[in-house]
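*Asks:* Attaching a single structure in structure tokens format; questions to follow.
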Amino acid sequence: MIRKCLVLFLSFALLLSVFPMLNVDAANRPLAKIPGNSNPLMDHKLGADPYSLVYDGRVYIFMSSDTYVYNKDGSIKENDFSALDRIQVISSTDMVNWTDHGTIPVAGANNKNSGRGIAKWASNSWAPAVAHKKINGRDKFFLYFANGGAGIGVLTADTPIGPWTDPLGKALVTHSTPGMAGVTWLFDPAVLVDDDGTGYLYSGGGIPNESDPASIANPKTARVIKLGADMTSVIGSATTIDAPYLFEDSGIHKYNGKYYYSYCINFAGTHPQQYPAGEIGYMVSDNPMGPFTYKGHFLKNPYTFFGVGGNNHHAVFNFKNEWYVVYHAQTVSKAQIGAGKGYRSPHINKLVHKEDGSISEVQGNMTGIAQLSNMNPYTRVEAETIAWQAGVTTEPTQASGGPISNLNVTNIHNGDWIAVGKADFGSAGAKTFKANVATNVGGNIEVRLDSETGPLVGSLKVPSTGGMQTWREVETTINNATGVHNIYLVFTGSGSGNLLNLDAWQFTPNTGGNTITKVEAENMKIGGTYAGKISAPFDGVALYANADYVSYSQYFANSTHNISVRGASSNAGTAKVDLVIGGVTVGSFNFTGKTPTVQTLSNITHATGDQEIKLALTSDDGTWDAYVDFIEFSL
């Protein structure tokens with residue numbers, strides 16, 4: 001997973017030359033992901049050793065937490081991998097617009113992650129692998145990670161983005177695990193859940209003796225071991241995978257009933273032509289435990305495509321009936337400092353299986369994958385959903401109404417911008433644009449089409465909200481936004497500091513009616529002793545006892561609304577859910593029976609401004625549970 005890359009020392013003056021002073025009359029330029037391209041997947045942060053998880057129409061990419069490390073003079077060091085104690089997560093439905101889900105603070109030994117580390121025994125979290133499996137009818141997610149080269153740990157969650165817990169309190173696999181002796185580097189996990197629900201964990205790497213040609217040619221340090229039904233235990237002994245010229249980076253996928261084990265070929269010694277150094281080779285078997293037979297290679301070293309090399313790390317996945325490979329390359333760091341220095345970023349390109357089962361050579365490039373579907377601008381869009389950007393970063397937020405591990409866009413200066421690809425405004429077009437913002441000084445958000453200097457269709461004045469985590473929804477009118485366009489939000493304002501933070505945004509359609517605001521229960525704050533997420537009869541939240549609730553903050557310009565909630569009871573009884581706005585109970589929803597229904601409370605009056613909306617139990621008699629799907633109303 002970790003190899004040294006080209007060392008290039010930069011002076012502080014040169015570093016500053018890469019970041020010229022902003023011309024306040026012009027928008028900033030993107031760093032590495034250029035509008036129209038899909039690679040790298042993001043350039044506002046780094047991410048290495050990518051692994052994919054496809055779930056519920058989204059692809060999630062989990063990555064090691066590459067972070068710039070600095071010399072005393074302010075120049076960027078060569079990556080020493082000391083910051084790999086967290087896991088980065090992003091996701092997308094269309095392969096262009098990626099939502100930043102922040103970091104998972106995995107390693108917890110020696111007060112790592114400021115004491116928030118989940119695995120208190122682990123000092124590192126390298127090269128994640130992720131799997132989904134239904135256990136006892138419930139969706140469960142499993143995050144495997146390497147504690148350096150000493151073993152593999154596992155975390156579990158009920159959603160792909162957490163919250164994550166450590167079910168074991170120790171490593172799942174170590175050198176003491178049967179069959180794991182002799183593995184030089186016990187890291188770089190990959191995981192397969194087969195069609196029958198059985199899980200398999202692949203790992204390993206390294207050359208036992210780099211001065212021995214036989215050891216270089218057949219390191220025999222890759223392993224596969226069967227997982228227990230709970231995915232957090234192992235069964236039996238690990239089996240050796242005799243991958244020729246193995247270096248690291250286990251990968252696994254299944255295609256047409258065959259099992260494909262793939263890996264990074266090592267750099268040591270002299271290789272026969274069929275084992276090119278630093279490329280991704282692959283083997284095929286009829287059994288997930290092997291034996292595997294070497295068939296060839298399909299992904300060249302990143303240097304071939306981008307002029308900056310280093311190790312090769314990949315994962316193969318199928319998304320919406322097409323095959324892809326995600327891999328890392330040092331393209332963002334090259335764009336920022338002129339050299340990779342070992343700092344990596346995720347890329348995706350298409351992968352093709354030929355009729356005979358062999359894999360075609362993948363063409364790595366900055367173009368990437370064309371957007372798979374248009375975006376709907378009339379639903380809430382998290383601001384950290386970004387196709388392209390200039391100047392911004394993201395941070396954890398206190399704003400409500402977003403997903404678990406919600407972020408906001410920050411570090412916003414005059415001329416910075418964010419953009420999303422291919423939003424479909426329809427023939428009627430947009431009427432208004434609203435955004436959830438927080439700011440001390442205020443500023444403006446220009447809404448432009450197709451470029452940062454494209455047609456201006458609206459301008460949103462952002463007043464001071466009284467704090468950078470004091471949130472308020474503001475709105476403006478939109479003109480001449482119809483059809484399919486890329487949307488650019490360009491930030492303007494005075495001063496040299498952070499102008500504002502942006503949590504989410506949404507357009508309203510120009511149909512003559514009011515916009516519909518819909519908030520999913522599973523994205524709200526969950527409170528009470530027993531409340532928890534459910535996946536049946538819908539993805540939502542179960543309220544099991546009095547004082548259980550879900551809530552979020554909503555800005556109201558008007559004081560009267562019709563408010564609808566979709567819900568159900570756990571049985572034939574009637575589940576009563578109170579609607580509380582601003583601390584005042586304004587009505588109740590009564591859901592009878594297990595079939596979900598939408599109920600509406602009409603002409604509800606309440607206070608204006610920022611108000612807490614809460615759906616709560618106060619009259620539970622112990623004979624029923626309430627299931628809540630979403631709340632919906634017209635602004």
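Backbone N, Cα and C define each Cβ position, glycine as well.
Not my notes, these are from Swiss-Prot:
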type     : residues                       : note
ACT_SITE : Asp49                          : active site, proton acceptor
ACT_SITE : Glu248                         : active site, proton donor
BINDING  : Asn311                         : substrate binding site
BINDING  : Tyr544, Asp620, Trp624, Asp625 : Ca(2+) 3 binding site
DOMAIN   : 379-508                        : domain 'CBM6 1'
*Asks:* Specify the count of other C-beta atoms within 10 Å of the C-beta of Trp624 (Ca(2+) 3 binding site).
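*Replies:* Trp624 (Ca(2+) 3 binding site) is surrounded by 19 other Cβ atoms within 10 Å.
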*Asks:* Including all protein chains shown, what's the count of other C-beta atoms within 10 A of the C-beta of Asp625 (Ca(2+) 3 binding site)?
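*Replies:* That number is 21.
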*Asks:* Would you list, in sequence order, the recorded positions among Glu248, Tyr544, Asp620, Trp624, Asp625 whose CA lies within 10 Å of the CA of Asn311 (substrate binding site)?
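*Replies:* Passing the 10 Å Cα cut: Glu248.
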*Asks:* Quick check: in three-state DSSP terms, what is the residue listed as 'active site, proton acceptor'?
*Replies:* strand
*Asks:* Hey, does DSSP put Glu248 (active site, proton donor) in a helix, a strand, or just coil?
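*Replies:* Going by the DSSP assignment, Glu248 (active site, proton donor) falls within a strand, counted as strand.
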*Asks:* Averaged across the domain 'CBM6 1' (379-508), what pLDDT does the model get? Just tell me the whole number, please.
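*Replies:* Mean per-residue confidence for the domain 'CBM6 1' (379-508): 96 out of 100.
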*Asks:* State the Cα to Cα distance, in Å, between Trp624 (Ca(2+) 3 binding site) and Asp49 (active site, proton acceptor), rounded to an integer.
*Replies:* 46
*Asks:* Including all protein chains shown, what's the count of other C-beta atoms within 10 A of the C-beta of Asn311 (substrate binding site)?
*Replies:* 22
*Asks:* Around the recorded Ca(2+) 3 site, report the further residues of that chain (criterion: Cβ within 8 Å of the mean position of the Cβ atoms of Tyr544, Asp620, Trp624, Asp625; site residues excluded), sequence-ordered.
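*Replies:* Neighbours within 8 Å of the Cβ centroid, excluding Tyr544, Asp620, Trp624, Asp625: Ala542, Leu543, Ala545, Asp548, Ser570, Ala575, Leu617, Gly622, Thr623, Ala626.
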*Asks:* Take the C-alpha atoms of Asp625 (Ca(2+) 3 binding site) and Asp49 (active site, proton acceptor) and report the distance between them in angstrom, rounded.
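*Replies:* Answer for this pair: 43 Å between alpha carbons.
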*Asks:* Find the shortest Cα-Cα separation between the residue listed as 'active site, proton acceptor' and the recorded positions Glu248, Tyr544, Asp620, and name the residue that gives it.
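*Replies:* Result for the residue listed as 'active site, proton acceptor': the nearest of the recorded positions is Glu248.
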*Asks:* Near Tyr544 (Ca(2+) 3 binding site), which residues of its own chain have a C-beta under 8 A away, given they sit six or more steps off in sequence?
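*Replies:* Listed in sequence order, they are Tyr530, Ala531, Gly532, Leu617, Asp620, Asp625.
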*Asks:* Within the domain 'CBM6 1' (379-508), count helix residues (DSSP H, G, I), strand residues (E, B) and coil residues, in that order.
*Replies:* 0 helix, 75 strand, 55 coil
